[in-house]
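Read through the structure below, which is laid out as C-alpha cells, and then see the notes.
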Amino acid sequence: MNAAVIDSNSAQDYVVADIALAGWGRKELNIAETEMPGLVQIRDEYKAQQPLKGARIAGSLHMTIQTGVLIETLKALGADVRWASCNIFSTQDHAAAAIVEAGTPVFAFKGESLDEYWEFSHRIFEWPNGEFANMILDDGGDATLLLILGSKAEKDRSVIAKPTNEEEVALFKSIERHLEIDGSWYSKRLAHIKGVTEETTTGVHRLYQMEKDGRLPFPAFNVNDSVTKSKFDNLYGCRESLVDGIKRATDVMIAGKIAVVAGYGDVGKGCAQSLRGLGATVWVTEIDPICALQAAMEGYRVVTMEYAADKADIFVTATGNYHVINHDHMKAMRHNAIVCNIGHFDSEIDVASTRQYQWENIKPQVDHIIFPDGKRVILLAEGRLVNLGCATGHPSFVMSNSFTNQTLAQIELFTRGGEYANKVYVLPKHLDEKVARLHLARIGAQLSELSDDQAAYIGVPKAGPFKPDHYRY
C-alpha cells in the first residue's frame, strides 16, 4: 500500500489491512472487555451524562484490541473519534478492522512504511463536513508534534529543511506535501485543539520541554505519571509483555542466559523481574545513582554497556534515551546475541549504523544483522517496541488502568479545559485512587476501611485521598 496514492477525499474513510478480519477482532474485543473493568464501569457511570458529546478526538495510540475497548468507551460517552497507530509495527489488524466495521475511521495496519505512518497521522485530523478535531489523545507525542511543527513550518520552511534521520525524512516530506496543497493546513487545525492527554514517558518529556520553552499551545494532561499508569502499565505490563515478545520472536530459552536491561525505571524494573523470573542472570545499566542503587539492592549486577557488550546473550533497552546501544556495542556482541527495545521510539539502538551491513530477514520483525566477520546479531522489531512489534503488548487488565486514566483525563480537559493554562497537569490523587478502586473486585481484592478515629489519627478523609501528592508508591 502506498500512502502517496491514498485519497483523503475517498468515500472509504479508513485504511486497514483487511476489513474481513472484523469478526475475529470483535470476538477478542468481547473477551478483552471482561478484563477491563475500569473502562466498563466508567461507561456505566458516565453514559447518561454524555460528557464527551461534541468532542472530536484525534487518537494516535497503538491500535490493539485493548485500544479498541478504549475507543468504544470514548464513543459511548459521546465522542467522535478518528484513529491511527503510534508505531508502524504495533497494530493488530483484526482490532483495526473491528473498530472500522463499528463505524470509527482507523488508519493503521501492521508493517506500515514511515511515509504511510505520517500520512495516517495526518488523516486523523481530516474530519468530514468541514469539522476539525478539538482533542488529541496521544502516545509518544507524534500527533501533537505534527500540528505544532507543521504550524511552525508554515512560517519558516527551514525547520523542515534538514532531517537528521529516516523518521524526520518521512515526516518533513509529509509536511511539505500538505503545505503545498494548503499553506495553513496545520495552524487551522491547531487553533481548534482544546488540549491533549499523553500516554507515555517519551511524549510527556516532549510536553514538559515545550512548556519550559513557552511553546505549548494548549493544556496537556500527563497520564503517564498517574500512579495507576506508571506503576502498573510500565512495571507490571512490561513484566509480562517483554518476554512474550522475545519468546514469540526467537523461541529462545531465557533460563541460564545473561540478560542486560538498560535503564531501571518502572519499565526496566518490570523487565528485570520477568527475565530473572524465567531464570536469567540479569545485569542492569544505569546513569542515575538512585536507580543504580535500587537495582543493586534487588540483587542485580550494575555494569556498563561497554562491560556487558561482549558477555551477555540478551539486551533490552528501556531508557527513553538515544543510542544507548551503539555501533561499537553491537560490534562487540557475541554471535546470535538478541537485541531489542521496549522504549517508545527506535532511537535507543543505533540501528542506522548497521544498515551498512547485510541484513537477513528471518520473519516479520526478526532480522539477522551480519557483520563482516560473519557474526550475526538478532535484532527484534528493527529496534522499535518489541512487546508490540513481536507480540500483542500488555495484557488487557493492566491496560484498563491506563485507559481509564485516559478517559477521565479526556473528560476533564474537554469539559473544564477553559480552567487550565497552557501547562502540563496530572490527574488529582482522588481520581488515581478511583481508578485503582475500580479494578479491585475483578481480582478478588477486599479493601479495608478506616474508622473515624483512625482517619482522624492519621489526618486523612475516610474516603481518601490517603496519600499526599509527593508520596512515592
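Including glycine, each Cβ sits where the backbone N, Cα and C put it.
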Substrate binding, same site as Thr64, Asp139, Lys229, Asp233 - Swiss-Prot member from Glu35, Glu167, Glu168, Glu199:
Glu199
Given His344 (NAD(+) binding site) and Asp233 (substrate binding site), what distance in Å do their CA atoms have, once rounded to a whole number?
13
Taking Cα-Cα distance, which of the binding-site residues Gly263, Gly265, Val267, Glu286 are within 10 Å of Asp233 (substrate binding site)?
Val267
Taking Thr64, Thr200, Thr202 as the binding-site residues to compare, which has the smallest set of other Cβ atoms within 10 Å?
Thr202
Span of Thr64, Asp139, Glu199, Lys229, Asp233 around substrate - largest C-alpha separation, Å:
17
Expressed to the nearest Å, what is the distance separating Gly263 (NAD(+) binding site) and Thr64 (substrate binding site) at their Cα atoms?
26
To which of the binding-site residues Lys229, His344 does the lowest count of other Cβ atoms within 10 Å belong?
His344
I need the CA-to-CA distance for Thr64 (substrate binding site) versus Thr200 (NAD(+) binding site), whole Å please.
16
